[in-house]
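For reference, the structure discussed in these notes is given below.
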C-alpha cells in the first residue's frame, strides 16, 4: 500500500499537524498567562525536537540543534534590528540561514557516521558558543541581542502575549508540516539508510542526497525554533543555545519516541510541563530527565508515542501481529 | 622565555591528567564500542567519594583515593553488567544509557553535597622553584601517579592474558567469542577499569582544582577532544593526544588568551575529525 | 494559610466598617502578591533564596502592621517565588508564571542572563521589577518599570579603588573574569574605574568552565601587575586563581571588585594565609549592628533562620520601598503610578540608613537604588573587617 504512494501521510502525520493547528486556537481559548507560557515553551521545545527527530530518522544523533537554533534566531533578530520586521520575510529567513549554512557543512560532516557524527555535532555547538562570545559587534557577544522591534504581519504589530503565542503556534505548525512531508516522502529512503547505509548505497540509493536533504531541513526547523524562542524571550542570548539545550531536545525526542512524528511533540509537552511543575526544585529536572532516558531506553524503545501506539494496536487488533511497526527502528540496534 | 618554559611545565601537568581521563574513555570505546557520556560523572563522583572519605570517615588521603577508585570502578562495572550489556550493540541506546547516568550522577551529587565547593585540599603542599620557574609539589605527585597508572595500564593491556582477551574482543568480537572469551565477564571488568581511572583522576585532581557537582562537564568535553585527536579506541593515541591538548591549551591560553585558545583547540579537532576521522594516530578499530 | 485567612477576615471586617461609616464603595479584602524571581536551586541558589528572604521579610513586616493601606483598602501581602535556574528562558517563564498568578511586583532576578530574559516579558505584562544584576543595560530609559537594586559597579568601584590605592599604592592591575556577560560587564567597568584613578589596567577573560587556571595565571603575570583583581569570577574560580597565583610566586594584593563569596574564596584558596592581602566589595556594611539586626527581625517574624547570603540585607530595602510606593500611589494594580511614586520616595531605611537614587549618568535613567555598601579587607593574613561606605546622590 505504502509502496504505491510513498509520500502519503499516515495517521500520525495528520495527528501531529492537527495538534499544532489546534494550538493556534489556544491564545483565543484562554487568557491564562501560565497556560500561554507553558504552551509557548512546549511549541518551541517540540520544534527543536522535530529537528532532532529528522536526524534520528537517518540514524544520526545530533547535538548541533542549538547551534542551528542560534543561527536562525540571530539572523531573524538582526533582520528586525535592521528594519525588516515582516513575519513573512523573517520566518523564512530564520529557516533559510541555518539551512544554507547546513548545506556546505553537511557535505563535510555527513560523511561521518555513528559516534563520529555525534562528536562532531557536539563540537559544533561548543564552537558556536565561542564564536558568539568573540563577535560582540554583530551578535552582542556575551550580552546577546535585546530590545529589537516586534515582528509585524502585513503592517500589524505582533507584540501582545496573544499574537506572540499565535506566531509560535503557526511556526510550529509549519515545522510539523515540513517534517511530515519530508519524512513521509522519504520514508523508505530514510528507513533504508537507518537499516543499513552501506547496503542502501550499494543498491543504488544516492544516500548523501537524502541525508543532505534531511540535514538541511532539520537545520532550518531548528532555526525557526530559535527565532520562536527569541520572540518569546524578546532576546537572543548565548545561554539559550548551549550543550544543555542540546541534551534537553534529545531527551524530548527520545523520551517522546523517535519512531513517530508524535514522539517529539509528546516528549516536549510532557517534559516542559513536568519541569515547570518542579517549581523551586528545578535543580532536580536533569536527574528526572536522566532517569526517564534510562527507563525509555531499557523498557520502551518507542518512547511514549511508541508505547501508546503499541497499546492501541493491541486493543484494536489483538490477532494481527504483522502490522507495520509504528516505531520502525526502535526495536532494533543500529551499530 | 620564562613564559615559554612555564607554559611547557603547565602543559605537561595538564596533559598527564587528560591522558588518564582519555585512556578510560578510549578503552570503553575500543573494547565495547560505547561512547561513555557518563565519564565526567565518574570523575566528579571520584572526587566526592574521596572528599567524603576524608571529611566524614577521617581516612588518610591515599586511602580515600583508593576508596574512590574502588567505588567508581564497582559502579561502572555493575552499570555495564546489568544495563549497558543488554543493548551493547546499539550505539544510540548505549549513548542514551550513559547520558542518562551522567544526568543522574550529577543531580545526585548536587542533592547530597549541595552546590558549593566543599573544602577539600591536597595533603602535599609546597612548590619547587628554580628562578622564576615553579612546579607545585601536588602537580608532581599527580604527574607521578598518572605516569604509573598509564604504565600499569599498558602492561595490563599488552602483557597479560586479560589484556590479550580484551584486545581480541575489541578486534573481532565474534572470533574472540568462538575462542572462548567471555564478554559477559570481560566487558564489565573493562568498563569498571575505565570508570575507575576516571574516579582516580577525580580523586587526585579535584583537591588541586575545585570540586563541584558539575565538575564533570568540562571533563567530558576534554575527553571528547582528546580521543578524537588520538583516534577513538587507540591507547597510544590517547596519551599522545592528551599531551598535545595539554600543550595547545597551555600555550594558547598563555599567548592568545582564554577564548581564543579554546576556539583554536575546537577548530583543530573539527578539522582533524573531518579530514581524518580515525585521528592522528588511530587505526580503524571499529566501524562505529 | 489559616493566618492569611484570618488576616483576610480582619481586612474584610475593616472594609465593612468603612462602608458602614459611610465611606467609599464596598470593597472585599485585597491581597498584594510580591514575586520573588531568582535561582532557587543549583550553584547560584544562594542569590535567589536571598531574594525570596528579602520579599518574605518585607511582606511579614507589612502584615505585622496590619497590612498595607492602599487607597481605601487594607491589603495583606503575600510572596510567590519561581526558580529561574539562572537562565534567560527560566526567568522569562518565571515572569509569565508569576503574572498568571496575579503578581504585579517582582523582586529579582539576579544574574545578567536572567535580567535580560525577564525584562522584556515583564514589560510586556507591565510588571514593576526590581532587578539586581551588574549588566551594563540592566536598566534604561526604554524600561521605565524596571528598577535596579544597586548600586552597580559604576557606583561602588570608585570609592573602593580610591581606598585600595591609599592602602596598597598600586600602579597597575590585571583583571580576570569569565568571558560571559556576568564577567565582561563588570570587569570592563572596573578597568575603566582603575584607569580613571591613574592605575594601568589590563583585562583577561577566561572560558567559563575552565578548571585549571595555571596558563591564565602565567598570562596575567606576564605584564607584572601590582594587583590582580578577580572581579565577578565565581567564588570557586576566584579561590583557585588566588591559589595558583601564589604558587606562581605572585605576592601582591588581590582585589575583588565583583561580588561576595569571600568565605568560599578563602576555603578554596587554601586559607587566609594564602590569600594574605585582599580587598573586596561587600554588598552591605555587614558589620554594622543595625544592618545585622535585619536577620534578627527575620528570625522574629518568620520563626526560622534567614538565608545565608548577605544580599538579603540589601534587597530587603527594595522590597520595603516597593510596598511603601504602593501605599503612596494608592493602587496595587497600576504599576505606572507605583513606579512614579517609587521614583519620588526618599531613600531612607531604618536598617541600612540613607541612600540615593542614582543611575542617570551610567544607565541614562535615575532608577538605581543606591544604598550604603562595604569594603572588606584582609591585611597580612588578618581579617581587618568591612568598613561602611555611604553613597551620594547624583
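Each residue, glycine too, has its Cβ placed from N, Cα and C.
Under the heading transmembrane segment, TrEMBL lists B:18-39 (among others). Beyond its flanks by at least six residues, the transmembrane segment (B:18-39) meets 79-80, 84, 88-89, 91, 94-95, 98-99, 101-102, 105, 146, 149-150, 153, 166, 169-170, 186-187, 190-191, 193-198, 200-201, 216, 219-220, 222-224, 226-227, 230, 232-235, 237-239, 241-243, 245-246, 285-286, 288 of its own chain at Cβ-Cβ distances under 8 Å.
According to TrEMBL, the transmembrane segment annotation covers B:59-79 (among others). Within the chain, the transmembrane segment (B:59-79) has long-range Cβ neighbours (under 8 A, six or more residues past its boundaries) at 38, 42, 45-47, 49-51, 53, 97, 101, 122-123, 188-189, 191-196, 198-200, 202-204, 207.
Sequence-remote contacts of a segment are chain residues at least 6 beyond its ends whose Cβ falls under 8 Å from one of its Cβ atoms, and for the transmembrane segment (B:91-113) they are 32-42, 44-45, 48, 51, 79, 83-84, 213-214, 216, 220, 288. The transmembrane segment annotation in TrEMBL covers B:91-113 (among others).
The transmembrane segment annotation in TrEMBL covers B:133-157 (among others).
If one looks beyond the transmembrane segment (B:184-211) by at least 6 residues along the same chain, the residues whose Cβ comes under 8 Å of a Cβ in the stretch are 17, 20-21, 23-25, 27-28, 31-32, 34, 36, 38-40, 42-51, 61, 64-65, 68-81, 84-85, 88, 117-118, 120-122, 136, 138-139, 141-142, 145, 149, 153, 156, 162, 165-166, 169, 219. The transmembrane segment feature in TrEMBL is assigned to B:184-211 (among others).
Long-range contacts of the transmembrane segment (B:223-247) within its own chain (CB-CB distance under 8 A, at least 6 residues past either end) are made by residues 8, 10-19, 21-23, 25-27, 29-30, 39-40, 150, 153-154, 157, 170, 265-266, 268-269, 272-273, 278-283, 285-286, 288. Residues or ranges marked as transmembrane segment by TrEMBL: B:223-247 (among others).
Per TrEMBL, transmembrane segment is recorded for B:254-275 (among others). The list of residues near the transmembrane segment (B:254-275) in space but at least 6 beyond its ends in sequence, with Cβ under 8 angstroms from a Cβ of it, reads 3, 6-7, 10, 225, 228-229, 245, 248.
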